[in-house]
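As written in Swiss-Prot, here are the features:
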BINDING   91, 105, 110, 130, 152, 153, 154, 181, 182, 196, 200, 315  carboxy-S-adenosyl-L-methionine binding site
């Protein structure tokens, strides 16, 4: 059974304690009414994983756990089988005692692009909105964060996160809650807020920016990563039914337009830190994610376009500060 009591106890002692006015009731309602039909199967996979304390843990350069002596073939097979019961694995990679989870996305590449532009994360309390399986939460801890909290309503991601946590020695420096940003009160409590790969899924992107701002302390830093198109500050793509086969894509601005949106929402010191085209090496089908991936979403005759004829995915990282 996946429980959240450790997180409640943790925040009861710090500046997030006011979150306890709403959070336990929200989680209790989720446990009663909103669990996915496969949630028990997924949580059982987590339950059956062995409890291991890593002899060597690297969260600075990767998410890697090693034991002092190699695990037996039977132990490795058990871990591998249970983790495969949690497929598809989209965000990673993870290397856990010799079991290498080769995820759809090379999320480590994104982290390498983002990290040089961040304020020092040492001692910070961080919120990662739409955190997926929590890969970047662990990298934030590796970069020195005091506490990394992720929110994502996708319940498979919660189980993947808890599986990795268990194999990292039940590390309590990172936590994932099965919530969306709209369920959070205006906590104004996080030193850094990340929103990566979320904005284009929001029907009201400016509302999302305001919601992110409401989670930051004064002088806090926002890290925003999202799809963009080429163009000036007035350029925004509004796709039709689908973009790269995704139905729920609403607005894809240019990077200059996104900078203007952030300034309109009251952020300051806004800068475009990085823009890059997503490649089929960074997002691809693997044995841990066996369905279609980016190569299937691009025009086979012109890789600069999606199958719908839109510009192929490129992503920008913007950094901003709340005054």
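Including glycine, each Cβ sits where the backbone N, Cα and C put it.
Counted over all residue pairs in 91, 105, 110, 130, 152, 153, 154, 181, 182, 196, 200, 315, the record's binders of carboxy-S-adenosyl-L-methionine, the longest Cα to Cα distance measures 26 angstrom. Of all the Cβ atoms in the protein chains shown, 24 others lie within 10 Å of the Cβ of residue 152 (carboxy-S-adenosyl-L-methionine binding site). For the binding-site residues 91, 110, the greatest number of Cβ atoms within 10 Å around a candidate Cβ is found at 91. DSSP assigns residue 182 (carboxy-S-adenosyl-L-methionine binding site) to a helix. The number of other CB atoms found within 10 A of the CB of residue 154 (carboxy-S-adenosyl-L-methionine binding site), across every protein chain shown, is 16.
The Cβ of residue 182 (carboxy-S-adenosyl-L-methionine binding site) lies under 8 Å from the Cβ of 211, each on the same chain and at least six residues away in sequence.
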